[in-house]
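Annotated active site, phosphoserine intermediate per TrEMBL: Ser130, in sequence order. Annotated Zn(2+) binding site per TrEMBL: Asp80, Asp356, His360, Asp397, His398, His458, in sequence order. Residues or ranges marked as Mg(2+) binding site by TrEMBL: Asp80, His191, Thr193, Glu351.
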Amino acid sequence: MLWLSRVTYQPHTDDNMKVTALLIICSWLLLGSLGKPQFPEQEKDPKFWNTWAQRTLKNALTLQNLNKNKAKNLIFFLGDGMGVPTVTAARILKGQLNGQSGEETLLEMDKFPFVSLAKTYNTNAQVPDSAGTATAFLCGVKANEGTVGVSAAAVRSQCNTTEGNEVTSILRWAKDAGKAVGIVTTTRVNHATPSAAYAHSVDREWYSDSEMPAEALQAGCKDIARQLFENIPNIDVVLGGGRKYMFPKNKSDVEYPNVLKHSGTRKDGRNLVQEWTDRMKDKKGHYVWNKKQLLSLNPNNVDYLLGLFEPGDLTYDLERNTDNDPSLTEMVEVAIKILRKNPSGFYLLVEGGRIDHGHHEGKAKQALHEAVEMDRAIGRAGLLTSIHDTLTIVTADHSHVFNFGGYTILHIPFTSILYGNGPGYKIVNGARENVSTIDYQENNYQAQAAVPLSMETHGGEDVAVFAKGPLAHLLHGVHEQNYIPHVMAYAACIGQNREHCLAHSGTAGLRPVFSSIAAILTATRLLC
């Protein structure tokens, strides 16, 4: 999967140590070809680096002309668990998948002109979870771990602390402003990140009523799947997994009819999909559950779309059935083509959610391929929109205790990709496992970990925030994570950020794109 082709340190010359060096430096695969130079020949020439740096400098100077247009469209990409080491490793992997050494490659997010850092802690946790962070970057307020769409005054799993502590999301602000809104995820659509866009729940795991305690149901708390359809009526596009939480308990799944664990879970007997279909039948609404159905749609004839492609989370991209299951990129393309029909613009939340799952399982290969696929989706979104009127932000909710590094000085080989803790901890005959004796290229290989845990944990460091488009420059320096939706709302003139949109004289404080174009045309006429 990921390898390092640049061997930088080799203090020993005997054959055994050379072999050991190769195994230590590799991240998943050995060097692609021992006959190739360890780095490109052009990198020996100072002119190569000087020319590259000068080109970068010229590009940077163009950023002095800030984009102050009003953002018609807002796209928020969330790589769940995509800390900075994951971004770096994904960049190398992307390059290697394209036949390069990898380090010199640019991810799509790397091309964004503005980068900042976000502090990810929850109000009650130094190392956060995805629920509290989602509330921050979607609702604009920090919250407790395990809760979604409620303030820090709410206590996890205590239903009676919900009422009065609800907070609304930027998806709601955009919908109230007349924009089309959508959610696309590789997890369940009622998982932590997407649920904070529409739900108010003191427990992220209340996926359906069968996961809720009786006292919570009696007290009037609603499960998250139900809130998806009831809290914000007519979310325009919802694509992801989580089919089983929408159907009555024990109802067979359409794709896996003989697998009991994939059957419906709802104790209240409701069929939320059928209810949605009935409500949308005269509104150009479509429900799909496989790739063929999704890609056969003509977006011009679809105003509302619900797509649930798995009973739970979608499969890892490396294991995806390409005939039946859509990729994240394919889902994003369909979503944008539907949402952009709204003359007022749109807000789209996109989650690469299984980056996180791969890391938790110690399966770095799975996690990094998920990150590369999300980067493809970022690129596709860029082709379908314009930087002049679309603010696009890419970030993570939190990091993981994932890293890569190491030198060729130890006698027991190890992969350069390592975890601080997790299921990859192994002792063989009283010593660390020698990776030269196993198949570390296998998709589900669990990378070595320092501390034994059944599941690897999140990390607590800051995460990167990449931004492009109108007012992207407001994302700079180091900020609290909950600052992000406030910037997006300000750029789009929605939510509580509207006063600046019209100056006291009645002229636009934020320029719509057409005013910039008109200025250019006027200047052209004067010069001709």
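Each Cβ is built from the backbone N, Cα and C atoms, and glycine gets one as well.
Annotations in TrEMBL come from automatic prediction, not curation.
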Among the binding-site residues His191, His360, the one whose Cβ has the most other Cβ atoms within 10 Å is His191
8 Å Cβ shell about Asp80, Asp356, His360, Asp397, His398, His458 centroid, Zn(2+) site members excluded
Gly81, Asp129, Ser130, Ile355, His359, Ala396, Ser399, His400
List, in sequence order, those binding-site residues among Asp80, His360, Asp397, His458 whose Cα sits within 10 Å of the Cα of His191 (Mg(2+) binding site).
none
Take the Cβ of Asp80 (Zn(2+) binding site) and count every other Cβ within 10 Å, whichever protein chain it belongs to.
30
CB neighbours of Ser130 (active site, phosphoserine intermediate) within 10 A?
27
Reported as an integer number of Å, what is the Cα distance between Asp397 (Zn(2+) binding site) and Ser130 (active site, phosphoserine intermediate)?
6
Output, ordered by sequence, the same-chain residues six or more apart from His458 (Zn(2+) binding site) with a CB under 8 Å from its CB, or 'none'.
Gly81, Val127, Pro128, Asp129, His398, Ser399, His400, Val401
Using Cα-Cα distances with a 10 Å cut-off, which of the recorded positions Asp80, Ser130, His360 are near Glu351 (Mg(2+) binding site)?
Asp80
Just counting, how many other CB atoms are there within 10 A of the CB of Asp356 (Zn(2+) binding site)?
29
Asp80 (Zn(2+) binding site) and the residue listed as 'active site, phosphoserine intermediate', compared by Cα position, are separated in whole Å by 8
Just the number: how many Å between the Cα atoms of Asp356 (Zn(2+) binding site) and Ser130 (active site, phosphoserine intermediate)?
9
For Ser130 (active site, phosphoserine intermediate) and Thr193 (Mg(2+) binding site), the CA-to-CA distance in whole Å is 6
